[in-house]
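The structure appears below as structure tokens.
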Amino acid sequence: MRLCDTDIERYLDDGIISLTPRPNNDKINGATIDVRLGNSFRVFREHSAPFIDLSGPKEEVSAQLESVMSDEIIIPEGEAFFLHPGTLALATTLESVKLPANIIGWLDGRSSLARLGLMVHVTAHRIDPGWEGKIVLEFYNSGKLPLALRPNMVIGALSFEVLSGEAKRPYSIRKDAKYKNQQSAVASRIDEDKE
């Protein structure tokens, strides 16, 4: 069952779901709560690698990823990050999210931004039960013009569903949880996948 605005408010008030900093109640709409853009970004550097072999030896995949991904870029308050057409970038939500083992979250982009060509999450919009940390956004500009993205702007909305029971393996206790407690735009850790 997806939570309605009344339940989202109650779950936040009771500490069942946590968003830090907590958005004002006027950011809770029907069945979602707005989340804002943080100030941490990563982009792909100019590179000459013809491809990344995602199924290659872990050491090679790790080296290839390291060679193409930038260090963390922090955008100061009031300044903009420019996402150019055809470009992929990673960013974070301003809010850190904490979910219990019986609730799953979903991130959706804003229709108004999508109409300008901005994809807020390329494919990864599920927030696992037991998640704790900021949400990394996979931005892609499929439009024709550069887009100026500023920290604190509303970037998407979260919705929540109560599971049929408590997850046996919530994200918070999984030993293979690669992005546990992330607070910045963490690059892909596909090289840490188990065989």
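Positions of Cβ are set from backbone N, Cα and C atoms, glycine also.
Annotated dCTP binding site per Swiss-Prot: Arg110, Ser111, Ser112, Leu113, Ala114, Arg115, Asp128, Val136, Leu137, Glu138, Tyr171, Lys178, Gln182, in sequence order. Note: Ser112 (dCTP binding site) has no non-local neighbours, i.e. no same-chain residues 6+ apart with C-beta under 8 A of its own C-beta. In this structure, Ser112 (dCTP binding site) is part of a helix by DSSP.
Of all Cβ atoms in the shown protein chains, 17 besides its own fall within 10 Å of the Cβ of Glu138 (active site, proton donor/acceptor). Look at Glu138 (active site, proton donor/acceptor): DSSP puts it in a strand. If you look up Swiss-Prot, you'll see Glu138 marked as active site, proton donor/acceptor, on the strength of sequence analysis.
Same-chain residues at least 6 positions away in sequence with a Cβ under 8 Å from that of Leu137 (dCTP binding site) are, in sequence order, Leu37, Leu90, Ala91, Thr92, Thr93, Leu107, Val120, His121, Ile155, Gly156.
When Cβ atoms from all protein chains are considered, those within 10 Å of Arg110 (dCTP binding site) total 16, not counting its own.
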